[in-house]
Structure formats: C-alpha cells, structure tokens
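According to Swiss-Prot, the feature disulfide bond maps to 3-10, 4-9.
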C-alpha cells in the first residue's frame with residue numbers, strides 16, 4: 001500500500 005482513495009499518499 002501507499003496511497004489513499006484519491007491521490008494523496010498517507
């Protein structure tokens with residue numbers, strides 16, 4: 001994993 005729903009990575 002890396003990125004959330006849209007285009008911002010957590």
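Quick reminder: no glycine exception, Cβ is built from N, Cα and C everywhere.
Source: prediction; values computed, not measured.
For the pair formed by residue 9 (disulfide bond) and residue 3 (disulfide bond), distance between Cα atoms is given as 4 Å, rounded to the nearest Å. Proximity of residue 10 (disulfide bond) to non-local residues of its own chain (separation of 6 or more, Cβ distance below 8 Å) is seen for 2, 3, 4, given in sequence order.
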